[in-house]
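Quick look at what Swiss-Prot lists:
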type	residues	note
REPEAT	11-50	repeat 'WD 1'
REPEAT	56-97	repeat 'WD 2'
REPEAT	102-143	repeat 'WD 3'
REPEAT	150-195	repeat 'WD 4'
REPEAT	202-245	repeat 'WD 5'
REPEAT	252-291	repeat 'WD 6'
């Protein structure tokens, strides 16, 4: 059974769309339909305190993402107003440090890459493209590019593959789209071009999110995806350079699923959907994902009524 340690009154004026802790778990960023991004300090005892309210978007803010702390205090936000904004903490004060408005429709998600890849982030958009922002340390400027025609009818999420200590390690990320596909993208370093390495069709409706597990297990990579069809799908690959991705249906929920997220250690998974409930999953020692029992059986009851 899981318990709620602390409720945080964010005082958002409308629906909250995302909440992300930084790597240390002592800062929480939230965003919502009120066009605001908020940052809170989270104490070890569970108490929280508001730090700053950031305004700069002209529409609902869908996603926020923290950069690795080696780059200082950096937070990115994605909004319906077609903008990606990067916020920076300077001498204890947060300010807008970069604004990117190249997407032609709502920016549906944003994600900073692992620090091993350098200071870079990816954004997805309803215009069907994926944006890449990379900070050039020599010029001290952000460099941008867009990958065209990534998903028909729009891209809903992006998530990076875990970083590696090997300098020759390849950069990859996964995307989910309204074309019912999950796609793996690979960077050709020589050409500086992103190409679709693999397109996987395991959903019957829009794929709302695909999340790449932030850690590998003996070289094995894992991805989960969820969609409006209620399917929660696990993808695994033993050797990402030579093997093929294998998929497994973890659950067919009686409702649409919108979000799936791994814990930082990669051993827990949270899933949420149309039933306003959060389901937690845990990977056992045999590598199997098991749903953690809960006292509230509403989802199971809904499944029986279907």
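Count begins at 1; order follows the chain as displayed.
Backbone N, Cα and C atoms are what each Cβ position is placed from, and that goes for glycine too.
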Contact set, same chain, for the repeat 'WD 3' (102-143): CB under 8 Å, 6 or more residues outside the stretch: 59, 62-68, 70-71, 74, 76-84, 86, 149-165, 169, 171, 173, 175, 177, 185, 194, 214
Within the repeat 'WD 2' (56-97), residues counted as helix, strand or coil by DSSP: 3 helix, 24 strand, 15 coil
Long-range Cβ neighbours of the repeat 'WD 5' (202-245) (under 8 Å; 6 or more residues past either end): 114, 153, 156-157, 159-162, 170, 172-178, 180-182, 184, 251-262, 264-266, 269, 271, 273, 287, 289
Per-region confidence, the repeat 'WD 3' (102-143) (mean pLDDT, whole number): 97
The repeat 'WD 6' (252-291), counted residue by residue under DSSP: helix, strand, coil: 0 helix, 22 strand, 18 coil
